[in-house]
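Worksheet for the structure shown next.
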Amino acid sequence: SGRQIFQRLHTLRNAEKELLPGYHQFEWQPALKNVSSSWDVGIIDGLSGWTTFVEDVPADTISRRFRYDVALVSALKDLEEDIMEGLRERGLDDSICTSGFTVVVKESCDGMGDVSEKHGNGPAVPEKAVRFSFTIMSVSIRVEGEDDGITIFQEPKPNSELSCRPLCLMFVDESDHETLTAILGPVVAERKAMMESRLIISVGGLLRSFRFFFRGTGYDEKMVREMEGLEASGSTYVCTLCDSTRAEASQNMVLHSITRSHDENLERYEIWRKNPFSESADELRDRVKGVSAKPFMETLPTLDALHCDIGNATEFYKIFQDEIGEVYQRSNPSREERRRWRSTLDKQLRNKLKLKPVMRMNGNYARRLMTREAVEVVCELVPSEERREALKRLMDLYVQMKPVWRSTCPSRDCPDQLCRYSYNSQQFADLLSTTFKYRYDGKITNYLHKTLAHVPEIIERDGSIGAWASEGNESGNKLFRRFRKMNARQSKTFELED
């Protein structure tokens with residue numbers, strides 16, 4: 001409709017203020033450690049709760065946030081009707097159900113590139129932002145006499161920006177570890193305090209008690225590595241879920257299991273710091289498997305479906321390029337040749353699929369590229385019939401595997417592909433290590449390794465990968481740009497090249 005529905009805070013009407021944190025009364029039992037018990041707290045300075053010493057350089061950044069517990073209360077009150085409806089549907093008497101509620105929260109955090117004001121002139125200032133947000137995934141209740149909890153609310157659209165509630169906005173570069181951890185420090189402390197306490201809040205006219213479980217799954221790999229103290233993503237330790245090295249992962253593509261955890265990372269950091277066995281740097285690094293900084297925030301080892309899509313599409317794009325140039329027959333082609341194949345590929349994709357070349361692979365491009373029709377179009381440029389068949393087979397397997405880690409509930413949406421996943425990934429790996437050996441000799445990309453090796457195990461543990469992805473937060477980034485009246489990343493400059 002083109003109407004601006006987002007208003008400044010002071011112009012909001014009272015009905016709208018009810019939706020903002022700080023409106024509803026609540027208490028914690030026992031009271032939260034180091035967190036004030038006042039409940040009418042709105043937007044606070046993101047640096048509050050961060051005591052500075054005289055010799056500290058004050059963090060040079062602007063940051064705003066809600067207090068975590070206040071924001072959670074607001075989110076729960078927003079779901080009040082759904083919770084009551086859920087109790088009625090399960091035939092539970094709401095006057096008896098006053099305790100035993102469990103809330104599962106998905107946390108997401110993502111850095112955003114250039115968010116400087118655009119006025120069309122003057123130098124571009126490198127202004128970056130990081131957004132931290134959460135989504136209430138489910139509310140369940142434990143009834144006396146029952147072992148399992150009964151789910152009374154399940155978020156139907158866990159990846160929509162509508163269910164993804166912003167907690168903290170900061171103008172920080174996500175690579176600036178010190179400032180990032182300084183601002184998120186209080187958030188981590190509040191989260192830790194809440195895990196050891198119960199929230200008492202009025203829902204449906206009665207006081208009820210809730211406990212919270214937090215699952216940090218909405219992070220891309222860069223952020224996970226930063227939060228968990230692992231080396232950056234180019235490291236020989238290719239995976240944030242297991243200890244495999246890149247060479248091992250390319251030799252044995254499928255058989256790995258999840259071994260890393262936050263607690264283990266903390267232990268390994270201590271070993272790294274103390275070096276109890278007086279080993280050389282290389283031996284020590286091998287012992288701690290690439291944990292070389294202090295893990296800061298607990299994330300749940302999982303695979304981020306959105307970035308998995310993007311990572312794998314980037315990889316396929318490069319395979320397409322190499323197949324057009326028949327790299328399997330020759331060693332190291334020049335940069336000029338590679339550039340030529342790339343422009344041939346871009347031209348073909350643009351003419352046949354209306355796919356404009358992009359500077360950095362994004363979700364929409366990745367989804368369009370990873371289809372059977374895209375591979376048909378690319379095969380028109382591949383000279384050998386045998387290679388064309390192999391490419392089609394590769395894409396065919398990928399298309400069958402993809403719904404398993406994309407869908408919100410794979411056992412419901414694609415049970416057959418879920419059952420065949422391990423078999424398909426084995427076939428896929430065999431193809432890579434034979435026909436496409438030239439690309440996977442001793443190296444493999446991080447997300448491809450996770451796609452092949454870890455998907456079934458994560459799904460067995462969580463029931464879904466897609467539902468826990470970072471998409472909701474990524475969509476929220478668009479709104480953020482909208483509020484800043486800033487339409488970056490829509491520039492036409494790149495499309496004019498080529």
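Cβ atoms are placed via backbone N, Cα and C, with glycine included.
Here is what TrEMBL says about this protein:
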- 1-26: domain 'V(D)J recombination-activating protein 1 DNA-binding' (DOMAIN)
- 27-99: domain 'V(D)J recombination-activating protein 1 pre-RNase H' (DOMAIN)
- 103-235: domain 'V(D)J recombination-activating protein 1 RNase H' (DOMAIN)
- 237-299: domain 'V(D)J recombination-activating protein 1 ZnC2' (DOMAIN)
- 301-463: domain 'V(D)J recombination-activating protein 1 ZnH2' (DOMAIN)
- 471-498: domain 'V(D)J recombination-activating protein 1 C-terminal' (DOMAIN)
Exercise. By DSSP assignment, list the helix, strand and coil residue numbers for the domain 'V(D)J recombination-activating protein 1 RNase H' (103-235), in that order.
Key: 26 helix, 55 strand, 52 coil
Self-check item: Stretch-averaged pLDDT - the domain 'V(D)J recombination-activating protein 1 pre-RNase H' (27-99)
Solution: 87
Quiz item: Which residue counts does DSSP yield for the domain 'V(D)J recombination-activating protein 1 ZnC2' (237-299) in the helix, strand and coil classes, in that order?
Solution: 27 helix, 3 strand, 33 coil
